[in-house]
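The ATP binding site annotation in Swiss-Prot covers 8, 9, 10, 11, 12, 13, 14, 15, 86, 87, 88, 89 and is backed by similarity to another entry. Residues or ranges marked as active site, proton acceptor in Swiss-Prot (evidence: sequence analysis): 87. Annotation comment: Swiss-Prot describes 146, 151, 184, 187 as Zn(2+) binding site.
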């Protein structure tokens, strides 16, 4: 299976890893980035926290037919030999299933990069699907430390912070900017102010 899933918490370096992997890959390749607001086929950019960026083509999570059409165009009409997808957690499970099917049918590797957990501690549907179907050697977990002050534990949760405290309820997909921290379980489940 030529499919990988690179997953970690917010700020763990997934986009940095995608850019690194993309730049050292000698094959013809294309980078795609999943968006909640931009149209499929529009130009996008994958940015890492270290300031580096990579041009990409946007996939809108709600435009299933256009996303499949785009992938088919990439596979059938270009010389693309590898596909990199950033923010894959935003894709619906059905889109990931179709992408996996196309990848296997036409032997074009796809590398997914995305979060596994929502801020409520539940798996994203697409991430759950990838974690279920892929063998462990095709899953790369990228870890990072807890962002709570003076904590040296490994973070396990993406915490949405509201009024300085962890919020564990609300809509998963919000278009306005929210504030998130990567926290260990002790700080995630502690109801005291984090910041």
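Note: Cβ is positioned from N, Cα and C throughout, glycine not excepted.
Overlay of Swiss-Prot feature records on the structure.
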residue : record                       : Cβ contacts under 8 Å, 6 or more apart
8       : ATP binding site             : 14, 115, 116, 141, 142, 143, 144
12      : ATP binding site             : 142, 143, 144, 155, 182
86      : ATP binding site             : 14, 15, 18, 31, 32, 33, 34, 46, 56, 113, 114
87      : active site, proton acceptor : 33, 34, 35, 113, 114
88      : ATP binding site             : 5, 34, 96, 112, 113, 114, 126, 127, 130
146     : Zn(2+) binding site          : 152, 153, 154, 155, 182, 183, 184, 187
151     : Zn(2+) binding site          : 145, 184, 186, 187
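Every protein chain shown contributes to the tally, and the Cβ of residue 184 (Zn(2+) binding site) ends up with 20 other Cβ atoms within 10 Å.
In this entry, ATP is bound by 8, 9, 10, 11, 12, 13, 14, 15, 86, 87, 88, 89, whose most widely separated C-alpha atoms sit 15 angstrom apart. Secondary structure at residue 151 (Zn(2+) binding site), taken from DSSP and collapsed to helix, strand or coil, is coil.
Around residue 10 (ATP binding site), the same-chain residues six or more apart in sequence whose CB sits under 8 Å from its CB are 115, 158, 180, 181, 182, listed in sequence order.
Counting other Cβ atoms within 10 Å of each Cβ, the binding-site residues 14, 187 show the lowest value at 187.
DSSP assigns residue 12 (ATP binding site) to coil in the three-state reduction, placing it in neither a helix nor a strand.
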